[in-house]
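Engineer: Quick paste of what Swiss-Prot says about this protein:
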type	residues	note
DOMAIN	48-191	domain 'SIS'
BINDING	G63, M64, G65, K66, S67, G68	ATP binding site
SITE	K66	site 'Catalytically relevant'
BINDING	82-83, H89, H95, 121-130, 155-157	substrate binding site
BINDING	H89	Zn(2+) binding site
SITE	E118	site 'Catalytically relevant'
SITE	E159	site 'Catalytically relevant'
SITE	H200	site 'Catalytically relevant'
DOMAIN	217-273	domain 'CBS 1'
DOMAIN	282-317	domain 'CBS 2'
Amino acid sequence: MSERHLPDDQSSTIDPYLITSVRQTLAEEGARLQNLSKQLDSGQYQRVLNLIMNCKGHVILSGMGKSGHVGRKMSATLASTGTPSFFIHPAEAFHGDLGMITPYDLLILISASGETDEILKLVPSLKNFGNRIIAITNNGNSTLAKNADAVLELHMANETCPNNLAPTTSTTLTMAIGDALAIAMIRQRKFMPNDFARYHPGGSLGRRLLTRVADVMQHDVPAVQLDASFKTVIQRITSGCQGMVMVEDAEGGLAGIITDGDLRRFMEKEDSLTSATAAQMMTREPLTLPEDTMIIEAEEKMQKDKCLNVIGDQQGK
């Protein structure tokens, strides 16, 4: 196997114009998005949102090439925010995947030209099944648009690509339309963070929204009595490996906590440590939350109170 040589970043220089080109492209696509928001047909969007909201089956996306990639993302966003959805490849549809479609499903077909052959071939079958069709296209007079129940136009003069060939602006606009529809449905369905977490249990957000204090709290936290000496406190914090120790009163209730930070602050202001007791060093009334408190609520409370430790209380006190 021949050795591969990685390119040297210093072996060639980039024409400064290319950085200008990057800025120009971002500005142009941003301007096209602004233009779309101004020219959108509110009647068509109202019809589309009603179709999605009243769909009894799945919202199915389909598109070829780059439009297909965008369709997959749109479908994933809808599905993860409360609108059942999946993507079907138009070419695969003619080799058995049409069986995935039921009369209760709503189809969103994506084609910038509105004349993509593989997409148009789907239309007769979909009409025969009785499915409603939404077209996302840049050509309101196209064959696809004429056969759709609702049409969302891109209102795009040309692609940002200097050759007006590579799908660039069209995919950006289509992606934005997908996001806009999904967000409208989130608001219509009153889709809340807890609902979002049900579909994202493996992500960090899902963990924060589904996990309770009891699920992550440390048990067997070291404890000392109110009259414990400075040396005893140090020993218990060190052996506990949790950076803190709880201080218990005579009845075994929580009187306070002592953290590494509490020790440092106490040592800075006290000259004599040999006679110091836990009662003098501890933080009284530490942040205490019921064990069934959601982690996201606990984190917000800890940030607000500027503390690194929270005590989980079975009694909810």
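Don't overthink the numbers, they just go from 1 along the chain as shown.
Heads up, the Cβ atoms here are built off N, Cα and C, so glycines get one too.
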Engineer: Taking the center of the Cβ atoms of G63, M64, G65, K66, S67, G68 at the recorded ATP site, which other residues in this chain have a Cβ no more than 8 Å from that point?
Structural biologist: H69, V70, G71, I110, S111, T116, P167
Engineer: Could you tell me the mean pLDDT the prediction assigns to the domain 'SIS' (48-191)?
Structural biologist: 96
Engineer: Among the binding-site residues G63, G65, G68, G82, which residue has the largest number of other Cβ atoms within 10 Å of its own Cβ?
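Structural biologist: That would be G63, with the highest Cβ count within 10 Å.
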Engineer: Give me the CA-CA distance between G65 (ATP binding site) and H200 (site 'Catalytically relevant'), in Å, as a whole number.
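Structural biologist: The separation of the Cα atoms works out to 28 Å.
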Engineer: Just give me the nearest neighbour of S67 (ATP binding site) among the recorded positions H95, L126, E159, Cα to Cα.
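Structural biologist: The smallest Cα gap between S67 (ATP binding site) and any of the recorded positions is with E159.
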Engineer: Measuring CA to CA, name the entry from the recorded positions G82, H89, E159 that ends up nearest G68 (ATP binding site).
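Structural biologist: Nearest candidate: H89.
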Engineer: Per DSSP, what is the residue tally for the domain 'CBS 2' (282-317) in helix, strand and coil?
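Structural biologist: DSSP classes over the domain 'CBS 2' (282-317) add up to 11 helix, 9 strand, 16 coil.
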Engineer: Between H95 (substrate binding site) and the residue listed as 'Zn(2+) binding site', what C-alpha distance do you get in Å?
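Structural biologist: Their Cα atoms are separated by 10 Å.
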Engineer: Just jot down the residues in the same chain as M156 (substrate binding site), at least 6 apart in sequence, with C-beta under 8 A of its C-beta; none if empty.
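Structural biologist: Spatial neighbours, sequence-distant, of M156 (substrate binding site): R32, L36, A112, N138, T169, S170, L173.
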Engineer: Distance between L126 (substrate binding site) and E159 (site 'Catalytically relevant') at the Cα atoms, whole Å?
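Structural biologist: Rounded to a whole number, the Cα-Cα distance is 30 Å.
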Engineer: Out of E118, E159, give me whichever of these recorded sites has the highest number of other Cβ atoms within 10 Å.
Structural biologist: E159
Engineer: Just to be sure I understand the packing, how many Cβ atoms besides its own are within 10 Å of the Cβ of H95 (substrate binding site)?
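Structural biologist: A 10 Å sphere around the Cβ of H95 (substrate binding site) contains 8 other Cβ atoms.
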